[in-house]
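Working notes, structure below.
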Amino acid sequence: MKLIAIILISISLRIYVAFGGYSGMNDPPQYGDFEAQRHWMELTSHLNITQWYEKSEFNDPKWWPLDYPPLSGYFAYALGKVAEKFDPEIIAPYSSRGIETFNTKLFMRLSVFISEIIFLYPPLIYFILKQQSKQQLIALCCPLLVLVDHGHFQYNCIMLGLTLYAIISLEKGKLVLGSIFYVMALHFKVMSLYYSLPFFIYILSKTYKEPKKVAVVGITVILTTLIIWLPWLSDLKLIQEAIATIFPIHRGLYQLHVATFWCISHIVIKWNLVFNNQLLFRLAAILTLLFSIPSLIRLFKQPNLFRHTLFIVSQTFFLFSFHVHEKTILLPIILLLISQKDYGYLVYDYTIIATITHHPLMIEDKLFIEYCVLLVLFFIFTRNNQPPQFQDSWILRFYSKIRNVIIQFQVQIPVLLYVILFFCQQLIQPPQRFPFLYELSMQVLGFSMYTFMYIISHQSIKSVKND
């Protein structure tokens, strides 16, 4: 009964948010992510499959070209065919661009909702039942899962669901099936690369003594990749065009208002003025690899640290990799959501901070009220929670003492800091020299929490015994 109640509450929250704003709502000429996802349905439905990544008059590079891997294209094509039956106007060539009719909104919102029910709910419910946690509610009612997909508008639920299926399969010893699921996740959204190193090391740790198993997994990965890319294999130029579109190095090192090392350090060092994009790309890759290596070495020795390492490395990728979007914080968050018993209240504090860093995006998407409602509800549901299982870190003990004092006033550290920043933003005009002072302050808050969790998670895995 409790699980059914949780599912109904989570569905209600998604319906509530779906009635709010979205990326690019009533904002011509380019609109936003909502139009991008709709336009990909239009493109894939009216172009030959080999032309999906090819620039043309119809596939205008200035109007939301398909810049996701092929599996996203196949998904958009399938949705386009359904949309054609539902209301042909939704994907009509040219005339549908910027369309915001009731039928369009209804179809798009339903497509996300059904996708999440199919792909993300089953594995999340599996982990909820497995953990038997008193704080089960967080997994299905995480504010960012709701706001980004059902508000801002994306289909992260599919990539995250495929990743969770991959984790479940690998932990059950089904290496081939797990490899297929992960390759599918990677070919749905390229940010799944955040998980690539732990997946590789985990599978290697399980197979390196048995060359036949290594070969089987390797062949599985190659064949799955070839099948996904099959329509483009006849022409190397087509593949090069697709890869150049999917990995747009020209976009720069980072976006504004993202809680990454590059964005925060830009206050002191203007990276884009010192180095070109090619060099910055290499530098970001080197730093990401360096900060990932310690946990990867430990994972090879202790495969039971798989989930911990997935969190650490995805957090590292978020902090140091090239051109990070604020929404990619969902990748480390989903790992915390399925590891609540290990990280305790840190899961909730981290999730609140991650949601707070999306404050500028929620304002832009006209979702501020929905954002506040979900934050308040989340705080109410999670204010009484368990400490982490590991307590041997002096940093964590210090944080816990401060938290225990503040929690007596029915508030959490992230909430308190956010409230202070929010009221300062409303009441005190920022200096002309620093017009984005408060937005940047929220990102500094996020960066501090992410760095803290990176350190804590490294210390926590030392206390985990090998199976």
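Glycine too: its Cβ is placed from the backbone N, Cα and C atoms.
Among the features that TrEMBL reports, signal peptide is placed at 1-20. Within its own chain, the signal peptide (1-20) is flanked in space by residues 109, 112-113, 116, 121, 125, 128-129, 136-137, 140-141, 146-147, 150-151, 366-367, 369-370, 373-374, 377, which lie at least six positions past its ends and keep a Cβ under 8 Å from the stretch.
Positions annotated as transmembrane segment by TrEMBL: 106-129 (among others).
Marked as transmembrane segment by TrEMBL: 141-168 (among others).
Non-local neighbours of the transmembrane segment (180-202) in the same chain are 68-72, 75, 155-156, 158-160, 162-163, 165-166, 169-170, 220-221, 224-225, 228, 246-247, 292, 295-296, 299-300, 303, 306, 309-310, 313-314, 317-318, 321, 325, 328, 331-332; each lies 6+ residues outside the stretch with a CB under 8 Å from one of its CB atoms. According to TrEMBL, the transmembrane segment annotation covers 180-202 (among others).
If you look up TrEMBL, you'll see 214-232 (among others) marked as transmembrane segment.
Summarising the annotation, TrEMBL assigns transmembrane segment to 252-273 (among others).
Remote same-chain partners of the transmembrane segment (280-299), defined as residues 6 or more beyond its termini with a Cβ less than 8 Å from a stretch Cβ, comprise 197-198, 201-202, 205, 249, 253, 261-262, 271-272, 305-306, 308-309, 312-313, 316-317, 319-322, 454, 458, 461. What TrEMBL lists as transmembrane segment is 280-299 (among others).
Per TrEMBL, the feature transmembrane segment maps to 368-384 (among others).
The transmembrane segment annotation in TrEMBL covers 405-428 (among others).
Under the heading transmembrane segment, TrEMBL lists 440-457 (among others). Outside the transmembrane segment (440-457), and at least 6 residues removed from its termini, the chain residues within Cβ reach (under 8 Å) are 257-261, 263-264, 267, 291, 308, 311-312, 315-316, 318-319, 329, 332, 343, 346, 349-350, 353-354, 356-357, 359-360, 388, 393, 395-396, 399, 414, 417-418, 421, 434.
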Outside the transmembrane segment (214-232), six or more residues from its ends: residues with CB under 8 Å to it: 49-50, 53, 69-71, 175-176, 179-180, 183-184, 187, 203-204, 207-208, 238-239, 242
